[in-house]
Amino acid sequence: MFRILSRDVARLTSPFVTRNGSGKLWKNLVWPCYTSTTNLASSSGRQWSKNWIIGKGNKIASFSTSTVNVSSTQKIVGYWLLGCSGMVFGAVILGGVTRLTESGLSMVTWRLVGEKLPRTAEEWEAEFTRYKQYPEFKIKNREITLEEFKWIWWMEYGHRMWGRAIGAIFFIPAVVFWSRGWLKTGMKKRILAFGTLIGLQGLMGWYMVKSGLEDRFHGESDVPRVSQYRLASHLGLAFVLYTLFLWSALDHLLPAQKLSESVPKAARQFRMLAHTCKGMVFLTALSGAFVAGLDAGLVYNSFPKMADRWIPEDIMAFDPQWKNFSENPTTVQFNHRILGTGTLALISGMWFLSRKTKLPPRAYTAATAVAIMGWMQVALGITTLLTYVPVSIAASHQSGSLILLSLAVWLTHEIKFMKRLPK
């Protein structure tokens, strides 16, 4: 049965929805109107719809947010997906700290089921002896003590076990929800994709670590480290998995607001710009993996210039020249700076455009949040550079990239129905 709440009809028909003294409608006014229906088939028993009447200039647009029977079972699935995205977020941060503390090469073996935890002094000595056979100890850490080795070993162990915990937290509930029929057909396909990505992520993690254990560091200036290509692939997979988890969680817990009337073409253009900003945030974060992999944050610690030059002299020092973009620390840092400032400019332009475009109400909040976090992230990046990459600030900068990406995902999720608007 359909009914309109009387108190919201009063709001809708209030004197404020009138023309002002100049004969124009009031600008930027928003009036919510709630409706509800009873649905006995739903476990929650009720479906709510929230209509927004927005006045802007001389025009009025109507927006509708419909909660399509967000039952208790769908909420459980949504919170589970949100928890999985949170676990991936934690894995990215823990992985960044592991990289910054140079702990990633301390464990020289990998087992799918689980690592054997050294418990006795003899077992720790055996683990330390295995570590001594690899390049990091021979070239860089010859003076490391057993106690110092234990510290970096525990860092890497924690990161690996966190990854395995993600697998358990995902797969066990997935089997339960699938068997009980709580997953729709489209969601089942996503679950299969999520499981595949988690498996690939684990394999890529070991493939990355293995590159730092190989006997390939023979130059005088060579430092044992993982391949920056594999590091970027590992981080990129994590970001993709995180955004897919988050998007699916939003589908279940915070459905996007549907538009009941057409809006100007500018709204469609805004949607394209928002997606471009999201892509640029992802690309900039990926370039940060190359900066981390090459320790490129330590070569030019000044801003905005690089050693009193806008373009450093050694930016194309490698031959062939294409290698500079992924193997020259100077070029990699320069590219990261350009991508960061370019992304910030796009985000700022997106925010200004949002002020002049009719959007669903929550989209305005999301656009503002993206803009604020974009400026904070650039400030963190500059601080990281000027302070010679301390662990705490650098980890905050990496966390900031994922927070910024999260907000960009939220924004594009809020406006996802705009693609159906007429040109």
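The chain as shown is numbered from 1 upward.
Every residue gets a Cβ built from N, Cα and C, even glycine.
Any TrEMBL annotation is an automated prediction that lacks curation.
Over in TrEMBL, the protein carries these features:
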{"type": "TRANSMEM", "residues": "76-97", "note": "transmembrane segment"}
{"type": "TRANSMEM", "residues": "161-179", "note": "transmembrane segment"}
{"type": "TRANSMEM", "residues": "191-209", "note": "transmembrane segment"}
{"type": "TRANSMEM", "residues": "229-250", "note": "transmembrane segment"}
{"type": "TRANSMEM", "residues": "280-300", "note": "transmembrane segment"}
{"type": "TRANSMEM", "residues": "334-353", "note": "transmembrane segment"}
{"type": "TRANSMEM", "residues": "365-389", "note": "transmembrane segment"}
{"type": "TRANSMEM", "residues": "395-413", "note": "transmembrane segment"}
Interface-richest range of 191-209, 229-250, 334-353, 395-413 toward the transmembrane segment (76-97), CB pairs under 8 Å: 229-250
Stretch in 334-353, 365-389, 395-413 most in contact with the transmembrane segment (229-250), if contact is a CB pair under 8 A: 395-413
Chain residues outside the transmembrane segment (334-353) and at least six past its termini with a C-beta under 8 angstroms from it: 266, 269-270, 273-274, 276-277, 280-281, 283-284, 287-288, 290-291, 296, 303, 306, 311-312, 315, 325, 367-368, 370-371, 374-375, 377-378, 381
For the transmembrane segment (365-389), distant same-chain residues with Cβ under 8 A (at least six beyond the ends): 100, 274, 277, 297-298, 300-303, 340-341, 343-344, 347-348, 350-351, 354, 359, 396-397, 400-401, 403-404, 407-408, 410-411, 414
